[in-house]
Amino acid sequence: MEDSKLPMALRSNLLDLFGQIEREFENLYIENLELRREIDSLNDRLAGEGQTVDGGDLSKGALKTKASHSTSQLSQKLKTTYKASTSKIVSSFKATTSRAVCQLVKEYVGHRDGIWDLAVTRVQPLVLGTASADHCSMLWSIETGKCLLKYAGHAGSVNSIKFHPTEQMALTASGDQTAHIWRYMVQLPLPQPPADTSASLDDDVDFSDKDEADGEADGPSECPTIRVATTTLKSHQGVVIAADWLVGGKQVVTASWDRAANLYDVETSELVHALTGHDQELTHCCTHPTQRLVVTSSRDTTFRLWDFRDPSIHSVNVFQGHTDTVTSAVFTVGDNVVSGSDDRTVKVWDLKNMRSPIATIRTDSAVNRISVSANQRIIALPHDNRQVRLFDMSGVRLARLPRSNRQGHRRMVCCSAWNEENQACNLFTCGFDRQAIGWNINIPALLQEK
C-alpha cells in the first residue's frame, strides 16, 4: 500500500469498506456452518427413518457463489437454505410415491411457438386439441402423439380451443380479434410399437434452447390442413383471449382484451349480448357444464358470474377475491367455482354463497389456466415456474408432477386439462416450451395418500 497513488482519505475509506465486507463474509460463513450442522442433524434423523434430504449440499453451494453476487444476494441464499431444506424434508416423504402416481406418458411436439391452451374432444374419437402462438391449432392422437389435423385459418396467435359437446366442431379464439368455429374429421392411426426414446433423454439437452421442436419436419407437415372456418365471429375490438360453448352448443361466449365478453348465436353468428363491466382486459371465460352460467376473469383482479338461465333477464355478480390478475375461473361439476390468479393463490367458491372462499391454496408462483377433474374434483395448477401441482377441493396438496432435465415442462406451463375417459392418459398440460404432455395420474392411489 506504500506505493499507492490514491489519496490517503480515499485509501482509508476503501480499507474501512473492505473491513466491513470481510466482517459480513465472516458472519455469513459462521451462519453457513450453523446451517450445515442443522442440515446434517436433520439428515441423521431422517436416515433413521429411511429418508434423505437432497438439500444437504445447498449450503455448500451458497459459499461457492461467484464474487459478482452482492453480499445481500449471498445472505438471502443462506437464509433460504434452511427453509428450502426443511420444505424438502416434508416433501420427501411423498416424493417416492408421487413418482408412482404421476407418470409422463406422451409428448406432443410440433408447434413452432408456445402453446396457450389445450382441450380434449367431447365426442368420439377422443383426440387432443392444442392452440398455439404460431397461429395454428392442431389435433393429436392421444395414444401415438401423431398430429392428425391442423387448423390454419387464423391470422394471429390462437389463444384457446374448446370442442362442441355433441358434434365434431371446434371453437378457437385468436389475436386476430375473431373467434372461429370449424368442423373436423380425423382418422385415428393404428397403435405403433414403442420406439426407443433413450437418445432423447440426454440430461444435457434442454428442449427450450432448440430452435425448432423435434419431429417437426416429419410430424405436422404430413397433417391435413383446414384453412377456412365454418363460422367467423367478429365483434371485438381487441385480442380474443378465450371462448367456450354454452350448454347445448347453440351459443358461444368469447372474452377479449377490449374488456368485453360477447354471447353469440352459433347458427346465425349474430351477437346476442355484449357483457360489459370489467375495468381491464379479460383473460378467460368458462361455461357451466349443465346450466346457462358464464364466468369471466380479468386483469382488474375480479371475476364475474353471468346468469342466462332466465331468458328475459341476465344478472351479473362481481367477485373480488384476488389481489392481482385473475388468470382463470372455472366451474366444477358440483356447485363450485375455482379461481386462479397471478397473486399466486387459487380459491374455491360455493355458488350458493360466494361472499368468501371455502378454501384458499397459497403457492410460490403465478397460476395459469386451471382445470378440475369431473369425477374426483382434483384441481390441476399450471405455474409460471414450470411446475404443475395437484390439490383437492379442500386445498390439500396431493402431488407435484415430475419435472427434471429428462421430463416435464422447460418453460411456463400455460394450461391443464383433465380427460378421465382415457385411463392411460388422463391429464394434459401445455406450455411455452412448444409441447403438450399427457400424464397418467393414478387417482385412487393419489387419494389414498391423503
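Yeah, the Cβs are placed from backbone N, Cα and C, and that goes for glycine too.
Per TrEMBL, these features apply:
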type	residues	note
REPEAT	151-182	repeat 'WD'
REGION	193-224	region 'Disordered'
COMPBIAS	201-219	compositional bias 'Acidic residues'
REPEAT	233-274	repeat 'WD'
REPEAT	275-316	repeat 'WD'
REPEAT	319-359	repeat 'WD'
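Per DSSP, the secondary structure of the repeat 'WD' (319-359) breaks down as 0 helix, 21 strand, 20 coil. Taking Cβ pairs closer than 8 Å, the repeat 'WD' (319-359) reaches residues 283-284, 286-289, 293, 295-299, 301-305, 365-372, 374-375, 377, 379, 381, 391, 393-395 in its own chain, all 6 or more past its ends. Within the repeat 'WD' (151-182), the DSSP-based counts of helix, strand and coil residues read 0 helix, 17 strand, 15 coil.
Sorting each residue of the repeat 'WD' (275-316) by its DSSP state yields 0 helix, 20 strand, 22 coil.
Looking just at the repeat 'WD' (151-182), the mean pLDDT is 97. Summarised by DSSP class, the composition of the repeat 'WD' (233-274) is 0 helix, 22 strand, 20 coil.
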